[in-house]
Amino acid sequence: MKALIILGFLFLSVAVQGKVFERCELARTLKKLGLDGYKGVSLANWLCLTKWESSYNTKATNYNPGSESTDYGIFQINSKWWCNDGKTPNAVDGCHVSCSELMENDIAKAVACAKQIVSEQGITAWVAWKSHCRDHDVSSYVEGCTL
C-alpha cells in the first residue's frame with residue numbers, strides 16, 4: 001500500500017513539473033518550429049532566454065504582484081499582455097491563447113506566441129534576455145547539439 005501511495009506522489013510530481021527539456025532537445029524543437037533566425041534572433045539567443053526565464057521547464061510560473069499578472073511556461077509569457085489566465089485584471093490577451101496552453105509539453109503554441117511577441121516588441125521584451133544574453137557570447141547554448 002505504501003508503495004502505491006509513493007508511486008502516486010511520483011506521478012503527481014511529474015504532472016506538476018511538466019516537461020523540462022534537455023538543452024539540445026529544446027534546440028532541435030525550437031529549430032523545427034521555426035525560431036532559428038526568426039526576426040534575426042539566433043537559436044542560441046532563444047536557448048539563453050529560455051534557460052534564464054524557465055530553466056527549460058514548460059510548467060514554470062512566476063507571479064508579479066505589482067501588475068497582478070503571472071508569467072507562464074518555457075518563455076515566461078505574461079498574462080497581462082499576451083495570454084488569458086482568467087484572473088489577471090485588464091488583461092489584453094495579445095496572442096489569443098489560454099495561459100495554460102503555454103505550459104503544455106508540446107510547445108508549439110508557446111512558440112507561436114513568442115514569435116508574435118518578438119515580431120511586435122523584439123527580443124528585448126524579455127528581461128532575462130537583456131540581463132543574461134544581450135552582449136554575451138551565447139554560442140555555448142547550441143554547442144555540441146546535432147541540429
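Each residue, glycine too, has its Cβ placed from N, Cα and C.
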For this session: With CYS95 as one half of a disulfide in Swiss-Prot, pick the other half from CYS113, CYS133.
Result: CYS113
Exercise. Quick one: Swiss-Prot says CYS99 makes a disulfide with which of CYS83, CYS133?
Worked result: CYS83
Seminar exercise, completed: Sequence-ordered, the recorded positions among GLU53, ASP71, CYS83, CYS133, CYS145 whose CA is within 10 A of the CA of CYS113 (disulfide bond) come to CYS83
For this session: Could you break down the residues of the domain 'C-type lysozyme' (19-147) into DSSP helix, strand and coil, giving a count for each?
Result: 56 helix, 14 strand, 59 coil
For this session: Select the closest residue to CYS145 (disulfide bond) from the following recorded positions, measuring between CA atoms: CYS48, GLU53, ASP71, CYS83.
Result: CYS48
